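Have a look at the structure below before the remarks.
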Amino acid sequence: MSPFNRTATASVLYDAPGPRARARYRVFGVLSLIGVAGLLWFVYATLDDKGQFNPALWDVFQYNTVQQRIVDGLLATLEAFGLAAAFSLTLGALLAAGQLSDHKPVRWACTAVVQFFRAMPLLILIVALYYAFFATDPMWALVLGLTLYNGSVQAEIIRSGVNAVPRGQGEAAYALGMRKTQVMASILVPQAVRSMLPSMISQLVVTLKDTSLGFIITYHELLFVGKAIASQPTNSAGFPYIPVVLVIGPIYIALCLLLTALARWIEARGRRGANRRTSTAA
Amino acid sequence: MGFLFEDDNFALFRDGFLQTIELSALSALLALLLGTLLAAFRVSPVPVLRAFGTVWVTLFRNTPLTLLFFAVTFGLPRLGVHLSHLTFAVVALGGYTASFVCEVIRSGINTVPLGQAEAARSLGMSFGQTLTLVVLPQATRTVLAPLSSVFIALPRNSAIAGAFSVGEIFSTQQAFSEKGYSIFAIFFWVACAYLLISATVASLFRFLESRLAVAR
């Protein structure tokens, strides 16, 4: 067994198995395989039994107009996500700068804003914005709500990243005669962003998932389109709620996994760069 | 601001508040049980169970909670499952949160240094002793902080249940809006309710942390 497998199998809990333990694990393996297969079969059988694989129920997806609506919904989701991502990163940078400010009132105000919007349920925020300002244009209620909430979270991520840079870095820069702005912009923030990029991207995954809240304020994003397709009473086979979930769910999951893969790739790249630098320094 | 104490608005608000607490508590319980089970799967020596846990967590963590509520509320009745709206909401919210709880517990177990378990085994401790006396006490302490953010997020996420026919604070907000009260006054009271809940959960976890803290 290679040393890499040792950590991968979480062996803090048990020793490397001997022949008898391996035989026992094989028995457990076969039993749990039967269990999982039984569970999957049960799900399939229930769906089949209730006629959810009836081709007539899936007919809607063959119409070009329906396909076009799903694509439009996906684009609307991505539009809200793109705007919210850009705005929340900007707001997060501003709030983090405020929280790290030398002026007490600025620091307090920014901290209060961050704490308040982090504690607020996003849905409450979005619906309040929708009723108060954007009753005709739900997209901006969604984007603004997402921006306020995720901006606050991003601010906390950036702030903790800046604080996690070794203190000697900032002190050395001050000793070289740099001003606070210079220290921040050219020493602390680049290092903080590098170490915090994976967390920032996982927060972007949360932003992407939360765009589906637009469904509740009638923004025509993917889930809203799905509900509209599912509740059309045109089909004789019934309402295709489950087919719609089986089509839309994988789209969301694929988008989130793509973003997560991006985060992993950046993390691996960052680590490689750091290693290269330490090896040349040594 | 004063509208809350007119007519029987306060009763409506109080009912919504209690329903939010009930929904959050039940979902937290389900999430904790299911999450621990999934974490046990994910660290087990049986590859099939590990794969099952990984696939489950990947699916649920990357599905929007709104879609999950949608699937449970509209999908399950098509399969002949008819339960109350509250039960549906507990299933969706608990199932979603369980995947986060699982990840927290799993990473907590993985942060315990390998040497600790090796030392315990070389002293002749059995699997059960190693787990309950050495690994779990250390893992619990590291797990508490991330677990508290999961359980602070849970009551916030429970607001989505209001859009799926559960009478909690969000649906109270909707009802007040339809009655035509000022949206800012409504938002103020709803905000107070949620801040109260998350402050309570946070102080509960701080209390637990201080109880379990040891000098290192």
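Numbering starts at 1 and runs along the chain as it is shown here.
Glycine residues also receive a Cβ, built from the backbone N, Cα and C atoms like all the rest.
Note that this is a predicted model, so its numbers are computed, not measured.
If you look up TrEMBL, you'll see B:17-205 marked as domain 'ABC transmembrane type-1'.
The transmembrane segment feature in TrEMBL is assigned to B:20-41 (among others).
Sequence annotations record features per position, and here TrEMBL assigns transmembrane segment to B:53-76 (among others). Within the same chain, residues 38-39, 41-42, 83, 85, 88-89, 91-93, 95-96, 98-100, 102-103, 157, 160-161, 163-165 sit at least 6 positions outside the transmembrane segment (B:53-76) and bring their C-beta atoms closer than 8 Å to a C-beta of that stretch.
Annotation comment: TrEMBL describes B:82-102 (among others) as transmembrane segment.
Summarising the annotation, TrEMBL assigns transmembrane segment to B:183-208 (among others). Sequence-distant contacts of the transmembrane segment (B:183-208), counting only residues of its own chain at least 6 positions beyond either end whose CB sits under 8 Å from a CB of the stretch, comprise 1, 3-4, 13, 17, 20-21, 24, 144-145, 147-148, 151-152, 155-156, 159, 169-170, 172-173, 176-177.
Panel annotation: around the transmembrane segment (B:20-41), residues 49-50, 52-53, 56-57, 86, 89-91, 93-106, 109, 150-151, 154-155, 158-159, 161, 166, 168-169, 193, 197 of the same chain, lying at least six beyond its termini, place a Cβ under 8 Å from a Cβ of the stretch.
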